[in-house]
Amino acid sequence: MHILRFSDLCAQGQARGQRVFIRADLNVPQDDAGRITEDTRIRASVPCIQMALEAGAAVMVTSHLGRPTEGEFKPEDSLAPVAQRLSELLGREVPLVADWVDGVQVAPGQVVLLENCRVNKGEKKNNPELAKKMAQLCDIYVNDAFGTAHRAEGTTYGIAEYAKVACAGPLLAAEIDAIQTALANPKRPLVAIVAGSKVSTKLTILQSLSKNVDGLVVGGGIANTFMLAAGLPIGKSLAEPDLVNEAKAVIAAMAARGAEVPIPTDVVVAKAFAADAPATVKKASEVAEDDLILDIGPETAAKLAAQLKAAGTIVWNGPVGVFEFDQFAGGTKAIAQAIAESSAFSIAGGGDTLAAIAKYGIEKDVGYISTGGGAFLEVLEGKTLPAFEILQKRAAG
C-alpha cells in the first residue's frame with residue numbers, strides 16, 4: 001500500500017516552517033466530573049506531535065471527543081482536559097483554540113489543540129465546503145487516527161482530498177504496516193482467533209477470514225453457535241441457533257481449502273453466570289441442559305496453544321472465555337501465553353482483547369497491538385478503509 005509518510009517528509013526537511021494539521025484520536029474515556037480515566041490514546045498521539053515540532057513546523061492538532069451535537073458546543077464536549085494532559089506529556093503549554101475553521105494563528109515551533117472537530121457543522125457528513133476550509137488552514141495534512149480510519153468524515157477524508165499534501169502519521173503508518181504483514185503477505189500458517197458473544201456481529205469477518213486463513217479459532221458465544229452446528233449440546237449457553245447454517249457454511253469453506261475450524265472437545269461450565277459460580281470441566285458431548293459454557297476446557301486450550309505456537313502469523317480478536325472471572329479465564333490465559341511464546345508475527349485488537357493482554361502482561365510479546373476497535377474489525381472484514389483509500393489516491397498523484 002503506497003502512501004506518503006509524515007516521517008519521510010520530516011526527514012527530508014519538508015515540514016520546516018510549514019503549517020501542519022494533525023488529525024489525532026484523542027477520544028478518551030472520562031468520569032462524570034470530566035476527568036480522563038484512561039489516557040492511552042493521548043500518549044499514543046505524542047510521537048507524531050513531537051516529530052512535527054522537532055521538524056520546525058507550526059502544529060495544529062484536533063480530534064473528536066464523545067458524541068457532540070453538530071453546531072452546538074457544550075462544556076462537556078470540550079477537549080480542555082485533553083489539552084491539559086497533552087501539556088503535561090509534551091512539557092509545554094498546549095493552548096486550546098475554539099471556533100477555528102476560519103483561521104488559526106500558530107507559529108513554527110508552537111502547537112495548538114483545535115477544539116472538538118465533531119462540533120463543526122458538516123464534519124460527520126464530510127461536507128466539501130467545510131473540508132476545503134480546513135484544508136486551507138495547512139500546508140501538510142497528517143492523519144494519525146487509526147481509530148476513525150473507517151469513517152469518511154471531514155477531518156479524516158475530506159480535508160485529505162483538498163490539502164496541498166496528505167500523509168500518514170507514525171501511528172497510522174504502523175497500523176498499515178502491521179495489517180499488510182498480517183493479512184496481505186502473511187507468513188503461513190495464518191491462524192485467526194475470532195471470539196465474542198455473537199456470530200451476527202462478526203459474521204462478515206468469519207466469512208472473509210475463512211477465504212484466507214489456515215486455522216480459524218472461534219471462542220465465546222460464537223463458539224457455542226459453532227458447537228450447535230457440529231451437533232453438540234450447549235445447554236442454556238448463549239448462542240444464535242438461527243445462524244447455525246452460516247456457521248456450517250464457514251466450516252465448509254475452510255474444509256474446502258484443507259483448513260479447519262477447531263471445535264472444542266472439552267468446556268468449562270457453571271449453573272449460573274456469576275463471579276462466585278463453581279466451575280466444572282466437561283467433555284463437549286456431555287454438557288447438561290442447565291449448563292452454561294463459560295470457557296474452553298484445558299484439553300482444547302492445550303491443542304489451540306500448540307497450533308498457535310506452530311503458526312507463522314496470528315490475528316487475535318476476542319477472549320475465548322469469561323476471563324473477568326478467574327475460574328473461567330484458563331482458556332484465554334493459555335491462548336495469551338501461547339501467543340507470547342510463539343515466534344509468529346501477531347496482531348491483536350478490540351477492547352476486550354486489549355484488556356486480556358494487559359491482564360496477562362504480554363504487551364511486549366505481541367507483534368502489534370491495534371488501537372482501532374471498529375476500524376480493526378473492518379480491516380478483518382477485508383474492507384478498504386476510507387482513510388487508507390484517500391491517502392493512497394493522493395500519494396498516486
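Cβ atoms here come from the backbone N, Cα and C positions, even for glycine.
These come from Swiss-Prot:
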| type | residues | note |
| --- | --- | --- |
| BINDING | Asp25, Leu26, Asn27, Arg41, His64, Leu65, Gly66, Arg67, Arg118, Arg151 | substrate binding site |
| BINDING | Lys202, Glu324, Gly350, Gly351, Asp352, Thr353 | ATP binding site |
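The structure, with features from Swiss-Prot marked on it.
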residue	record	contacts (Cβ under 8 Å, 6+ apart)
Asn27	substrate binding site	Arg41, Ser63, His64, Leu65, Gly66, Gly147
Arg118	substrate binding site	His64, Leu65, Arg67, Pro68, Glu70, Asp77, Lys124, Glu153
Lys202	ATP binding site	Val194, Gly196, Ile222, Asn317, Gly318, Leu377
Glu324	ATP binding site	Ala275
Gly350	ATP binding site	Gly196, Asn317, Gly318, Gly373, Phe376, Leu377
Gly351	ATP binding site	Gly373
Asp352	ATP binding site	Gly196, Gly318, Pro319
Thr353	ATP binding site	Trp316, Asn317, Gly318, Pro319
For Asp25 (substrate binding site), the same-chain residues 6+ apart in sequence with C-beta under 8 angstroms from its C-beta are Arg41, Ala44, Ser45, Ser63, Asp144, Ala145, Phe146, Gly147, Thr148, Thr371
For the binding-site residues listed here, His64, Gly66, which shows the highest count of neighbouring CB atoms within 10 A?
His64
Please classify the secondary structure at Gly66 (substrate binding site) using three-state DSSP.
coil
List nothing but the largest Cα to Cα distance in Å, as a whole number, among the residues Asp25, Leu26, Asn27, Arg41, His64, Leu65, Gly66, Arg67, Arg118, Arg151 that the record says bind substrate.
18
